[in-house]
Amino acid sequence: MARRIIFLLFLIACVDRSINVHCEKQPVSSSFDKHDNVSSSLAELFSGKRIPLFRYISNKTSRLSTQAVQVGWDRGLQTSLYVISVGLGTPAKTQIVEIDTGSSTSWVFCECDGCHTNPRTFLQSRSTTCAKVSCGTSMCLLGGSDPHCQDSENYPDCPFRVSYQDGSASYGILYQDTLTFSDVQKIPSFTFGCNLDSFGANEFGNVDGLLGMGAGPMSVLKQSSPRFDGFSYCLPLQKSERGFFSKTTGYFSLGKVATRTDVRYTKMVARRKNTELFFVDLAAISVDGERLGLSPSIFSRKGVVFDSGSELSYIPDRALSVLSQRIRELLLRRGAAEEESERNCYDMRSVDEGDMPAISLHFDDGARFDLGSHGVFVERSVQEQDVWCLAFAPTESVSIIGSLMQTSKEVVYDLKRQLIGIGPSGAC
């Protein structure tokens, strides 16, 4: 997840038992029904903000599912990542959550004394299907901190904690309730975390939480199995002041994955030391058709994942050094000016969009994903001047293909065949 490198480090800790949380059932007020029905759009929820892109839709012409949910981004949410609108509880309360294929635990901000709140904070006491997860249960063993449930007689609630590579964390207690994607796509007794406190809470912006689409036992897919055997999404391009990108609407589909001729697939690779993520076997990277001189072992040592919850992409330092040098050579040859104060940043006002370097990924099983030039750079302001910086950073951990590199393409997770696929640009 997150507008930072987001790669899940699943840590467990006991929460502060002094936090006052309620889950008793109470009458539902009419105002709650009116404002929090899942058909509400972000246009109503964010009046005066940038044009919202997400609400429930019934997409009967979808090639992958009869139901789809719009996905997009909005600066009013103070996040650069992608979100969808789901319903949680009964009646369903709208939650705007980030889609995160780089973690497995879903969580939302919940009601409690002194907690982070916004108008959509999940109110456990108003859901007729709300239930806490107790210590000693199977879900607490899978997703909570059962070993910390030492005093279950006085503190029966199952605590959880999820930490992210940027140092932020979410912790609280586990609940179960109905998760709603559409009228026909609901997951009853879905286990999720009620965030009662956070480290780096400002990093989560104004979103309501996170939807864990990873490979772990707490993920949406594992909890909905065998009903859903895959999912797909298309992350829309974000508008650039320079005009490279246009703002469009993306989508997220949960359900049966259809075979398509224009989607290229590579196999998922299991790693015994990390079962929370969907790994792939990246063997090489090419720029404008020319492979970089890198050994496949540089990527296989720690593994590679596609992470919708990480804006940037992260590769080993040696690989980044070779990639950035190749990009630099091409850009200077095509008229770009190097920004002296920032490494790997360029003034590209003299570079045509068609001359932007294009990246392809090559996999051990022979698959090739042509990602093009979108997502290779990210625009930023340096000394009051807009420049373009390479959207890659070094890592000593798992390599990440971030959301910028995935934009405008259909990304398919086919669990039945254990494949991950990417279609050509222009899917959304």
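Glycine too: its Cβ is placed from the backbone N, Cα and C atoms.
These figures come from a predicted structure and were not determined experimentally.
Per TrEMBL, the features are:
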type: ACT_SITE; residues: Asp100; note: active site
type: ACT_SITE; residues: Asp307; note: active site
type: DOMAIN; residues: 82-423; note: domain 'Peptidase A1'
type: SIGNAL; residues: 1-17; note: signal peptide
For the domain 'Peptidase A1' (82-423), the averaged pLDDT of the predicted model is 86
Spacing of the two Cα atoms, Asp100 (active site) and Asp307 (active site), in whole angstrom, works out to 7
Within 10 angstroms of the C-beta of Asp307 (active site), the count of other C-beta atoms across all shown chains comes to 32
Around the Cβ of Asp100 (active site), other Cβ atoms found within 10 Å total 27
